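What TrEMBL says about this protein:
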{"type": "TRANSMEM", "residues": "B:41-62", "note": "transmembrane segment"}
{"type": "DOMAIN", "residues": "B:89-294", "note": "domain 'Cytochrome c assembly protein'"}
{"type": "TRANSMEM", "residues": "B:96-114", "note": "transmembrane segment"}
{"type": "TRANSMEM", "residues": "B:121-142", "note": "transmembrane segment"}
{"type": "TRANSMEM", "residues": "B:176-196", "note": "transmembrane segment"}
{"type": "TRANSMEM", "residues": "B:208-228", "note": "transmembrane segment"}
{"type": "TRANSMEM", "residues": "B:248-265", "note": "transmembrane segment"}
{"type": "TRANSMEM", "residues": "B:311-330", "note": "transmembrane segment"}
{"type": "DOMAIN", "residues": "B:314-630", "note": "domain 'Cytochrome c-type biogenesis protein CcmF C-terminal'"}
{"type": "TRANSMEM", "residues": "B:351-372", "note": "transmembrane segment"}
{"type": "TRANSMEM", "residues": "B:423-442", "note": "transmembrane segment"}
{"type": "TRANSMEM", "residues": "B:448-469", "note": "transmembrane segment"}
{"type": "TRANSMEM", "residues": "B:481-505", "note": "transmembrane segment"}
{"type": "TRANSMEM", "residues": "B:608-628", "note": "transmembrane segment"}
Amino acid sequence: MRYAVPLGIFVLLLGLLWAGLGMNPREIPSPLLGRPAPAFRLPALAGQGAQVAPADMLGKVWVLNVWASWCSACRSEHQVLVDLAKRSQVLLLGLNYKDQPADAGEWLAQFGNPYAAVALDADGRAGIDWGVYGVPESFVVDQRGVVRRKFTGPLTAETVSGELLPLLEKLRAEGG
Amino acid sequence: MIPELGHFSLILALVMAALLGGVPLYGSFHGQSRLVALAKPAALAMWAYTFTAYACLTYAFVTDDFSVRYVVETSSAQLPLFYKVTGVWGAHEGSLLLWVMALASWSVAVSVFGGGVPTQVLARVLSVMGLIGAGFLLFILLTSNPFERVPMQPEGRDLNPLLQDFGLAVHPPMLYMGYVGFSVAFAFAIAAMLGGRLDAAWVRWARPWTNVAWVFLTMGIAGGSWWAYYELGWGGWWFWDPVENASLMPWLLGTALLHSLAVSEKRGLFKAWTVLLAIGAFSFSLLGTFLVRSGVLTSVHAFASDPGRGVFILLFLATVVGSSLLLFGIRAPRLATTGSFSLLSRETGLFANNLILLVMAFAVLLGTLFPLLSDALALGKISVGPPYFNTVMTPLMAALAVAMGAGLALRWRQDQARRLARVLGLPLAVALLTAVLAPWAFGAGLPGLAVLGLAMAGWIAFGSIAWAVRLRKAPWRWSGANWGALLGHLGLAVTLTGVTLVSVYSQAADVRLEPGQSHTLAGYAFTLQGVEQTQGDNYQAYRGTMQVTRGQDRIAVLHPEKRVYNVESMPTTEAGIDPGLFRDLFVALGEPLGEQGGWSVRIQYKPFVRWLWLGGLLMALGGAAGALDKRYRRLRQTGDVVPPSAALAQGA
Amino acid sequence: MRGNNWSRWLLLMCLWAGAGYGQTAIEVRQFSSPQQQALYEGLLTELRCLVCQNENLADSNAELAGDLRNEVYAMVTQQGLDEQAVKTFLVQRYGNFVLYRPPVQASTWLLWGGPFVMLLVGGVALWRVARQGRAVGPVEDDLSQRLAARRLLEDEE
């Protein structure tokens with residue numbers, strides 16, 4: 001029987017490799033899930049001394065979308081966000097990551113502005129606190145200010161209707 | 001036309017491989033000698049068609065045929081001719097073709113030099129290799145056709161700048177010859193199991209082939225390390241990247257196989273174990289192919305991956321390895337081990353060697369796949385990197401060194417502790433003394449790692465030399481096997497010395513230098529004389545001039561470069577290196593800083609770094625000497641049964 | 001396929017952010033003591049870059065890697081944090097993925113202990129096999145066996 005041991009080990013290894021084919025090694029789960037949203041208070045793109053801070057959002061379900069005008073993957077996502085903002089009353093905050101305010105403003109003027117407000121994270125410090133490693137990324141925050149879900153990579157129409165909207169629905173029902 | 005001809009040749013090569021894989025095997029079981037006799041011509045035909053396809057692809061590269069997708073993606077009109085020729089294997093599709101070329105070449109070599117092997121056995125061996133070839137050719141044709149056409153493009157996207165180097169001409173062919181070379185031992189083991197005769201014969205036939213494959217793999221790995229060292233620009237020589245690990249695992253198992261073959265041949269022990277190792281060494285080569293090309297792991301060198309390819313290789317891996325292990329499960333129980341040995345004997349030493357090498361391979365496998373396992377079991381995404389491997393491999397290496405130092409001096413069957421103490425006492429004392437005294441030459445105390453590393457290296461080296469002295473023969477009368485053992489072990493000692501000293505005593509500094517300013521490191525003064533713009537064949541560069549002096553002596557003038565390639569517009573660093581047997585001086589250019597023509601510069605002093613690769617070269621020489629042993633030629637001349645891969649080794 | 005495209009994008013960022021693998025990050029930094037420098041440099045080699053995922057923070061030229069180096073530098077030199085504190089800071093944000101040296105915990109016992117358990121089991125097996133061999137009988141009593149052994153020795157040496 002012991003001569004069958006190598007075959008047994010190999011079969012286990014095959015199972016692992018097979019599972020591996022379906023996984024994405026580059027996607028890193030966020031340790032923020034279930035924890036309070038990291039604080040920041042940053043100038044808003046709108047200017048006039050306006051500021052954006054997660055602390056002001058308590059009691060609301062909202063989405064933080066990290067984007068930049070230099071990010072080509074954000075382009076494909078942007079249309080999805082604009083549609084989303086039109087169709088439903090999702091509270092969408094933008095975190096403009098390591099970008100020039102002028103470029104960011106021009107981008108929104110050109111492609112439409114789905115955001116309730118956009119925070120300027122010029123030096124990327126807020127990005128580090130949120131564990132951002134590749135824009136675009138999106139975080140869902142509940143009414144108690146806890147991060148509930150992270151989407152890495154561009155949101156698509158399918159993920160929005162299949163995952164994001166049902167989640168927001170559920171979180172709104174939870175109450176404070 | 002030419003690409004279509006290549007594509008067609010590839011299909012014919014597949015037909016020949018399938019023929020080779022099926023017909024002689026069938027014939028050998030049904031006593032049809034005409035079918036058996038088909039093996040050699042079919043092997044030759046498989047090689048010829050593969051070579052034709054390969055030549056067609058090279059032609060497409062050389063003539064800038066940008067209607068072939070693979071050429072568009074891996075070449076450009078500006079690319080120097082030399083890199084067009086080596087660039088053929090610069091990406092996934094072409095490197096797979098190189099893989100099949102290597103397999104076909106080994107098959108032809110076996111059919112030509114396998115003279116002493118019974119026709120029936122030889123036919124089965126070639127059939128097994130044909131089946132492997134068929135699998136890979138099918139893989140190429142179905143998922144990775146290098147001859148696929150696209151609408152004509154004006155210019156290609158260029159070969160990755162990092163690959164535009166002499167290293168590409170040497171490293172992949174060597175590595176692949178090594179990987180694929182283990183298919184010969186594998187095929188002999190399978191043929192022996194199919195025939196139900198697992199006596200010592202297959203071991204004798206497979207041994208020199210294994211040696212030669214091991215030589216190629218050793219040179220491939222050492223060459224890759226050297227290449228990474230000077231090309232990647234930060235002076236590292238081993239990164240524990242999944243792809244490096246994928247080459248290290250077959251090497252470790254191949255090394256175990258070399259030693260286990262010796263025991264099986266001489267003493268008839270570990271027979272089943274040796275068969276398993278022969279399967280294992282080649283299986284790990286295939287596993288490496290899967291890991292690199294499936295996208296399961298992230299790696300520096302990973303080829304552009306595609307899940308369809310991953311599925312194919314996984315199925316192929318499952319078929320080849322699964323059926324071999326199944327066959328093993330059925331046949332191996334019949335293998336009765338004869339002979340006995342005592343606790344203090346060379347058999348025990350070799351058993352320990354095999355065990356430790358296997359554990360090392362397991363540790364590498366575990367570290368490489370653990371992130372995958374952790375993810376699959378939802379235990380979280382983690383990283384396993386150099387700190388893990390260094391921590392785990394160091395004690396294992398120490399254990400191996402203990403066994404190696406004593407290994408050669410041990411006698412078969414039974415040895416006496418008193419005799420061993422007499423033989424090995426002096427080497428042990430010298431090794432320990434060196435390990436404690438040598439660090440003084442470098443000053444700065446007595447670092448534990450340096451003492452441990454040098455003690456291991458010294459123990460292996462002096463133990464082996466003590467054995468050689470006690471042969472009581474002049475070196476020119478030593479057999480190939482004697483030389484092989486001595487050089488192989490000395491080689492590892494030299495590599496270990498290099499690893500130890502370069503890890504413990506390297507010095508580095510990142511500094512800002514303006515022209516005329518200098519920085520002193522390890523007693524060498526590095527003076528930046530200037531940075532100018534230059535132009536290469538297909539790149540623009542900043543070229544620094546750095547003078548190195550020590551006291552009044554002018555040591556070297558180094559030219560580190562920072563290049564931007566025209567087509568890919570990707571910046572690369574070309575280090576300026578002053579090589580030496582006892583130290584390298586290594587300079588890399590960073591960024592321009594400030595108005596006064598200042599640059600950030602990294603300066604490194606790397607003692608004994610060359611010993612890493614020198615040791616690899618010695619090991620390879622040892623492997624070659626072992627393959628050239630008179631025994632194999634003598635046996636063949638007397639009609640006995642061994643293929644001398646001597647001619648092959650000389651040709652290489 | 002979303003993940004796949006995005007992976008490619010990430011890879012592109014890694015190459016295009018001026019990184020590539022053929023280029024080193026060379027930065028000139030000041031330290032108040034050699035210990036501080038050793039701490040900083042040691043940390044960078046043990047931390048994994050999240051963009052160019054097969055490089056450590058010391059070698060990576062990705063922009064994020066540069067930001068994180070600045071962060072680590074500030075934590076080491078200005079805030080005076082020790083190795084564990086810096087690692088904790090990064091793990092809280094990026095998870096254990098940033099650590100090239102996986103922490104020893106229940107989920108990694110196999111990783112850290114596996115090779116040594118295997119060595120131990122194999123060693124015991126070796127000892128038992130060799131001891132059995134001795135029990136088979138003293139080989140020196142059999143003259144023909146002794147001669148055979150000598151021939152083997154001569155063949156080898």
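Glycine too: its Cβ is placed from the backbone N, Cα and C atoms.
Any TrEMBL annotation is an automated prediction that lacks curation.
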Q.
Given a Cβ distance threshold of under 8 angstroms, which distant residues of the chain, six or more beyond its ends, lie next to the transmembrane segment (B:448-469)?
A. 394, 397-398, 401-402, 404-409, 423-424, 426-428, 430-432, 434-436, 438-439, 442, 475, 478, 482, 485-486, 489-490, 492-494, 496-497, 499-501, 503-505
Q.
If we skip the immediate neighbours and take only residues 6+ beyond the ends of the transmembrane segment (B:311-330), which ones have a Cβ under 8 Å from one of its Cβ atoms?
A. 131-132, 135-136, 139, 142-143, 186, 190, 193-194, 272, 275-276, 279, 283, 286-287, 289-290, 293-294
Q: Summarise the model confidence on the domain 'Cytochrome c assembly protein' (B:89-294) as a single mean pLDDT, whole number.
A: 90
Q | Contact set, same chain, for the transmembrane segment (B:481-505): CB under 8 Å, 6 or more residues outside the stretch | A | 211, 237, 397, 401, 404, 407-408, 442, 447, 449-450, 452-454, 456-458, 460-461, 463-465, 467-468, 471, 606-627, 629, 631
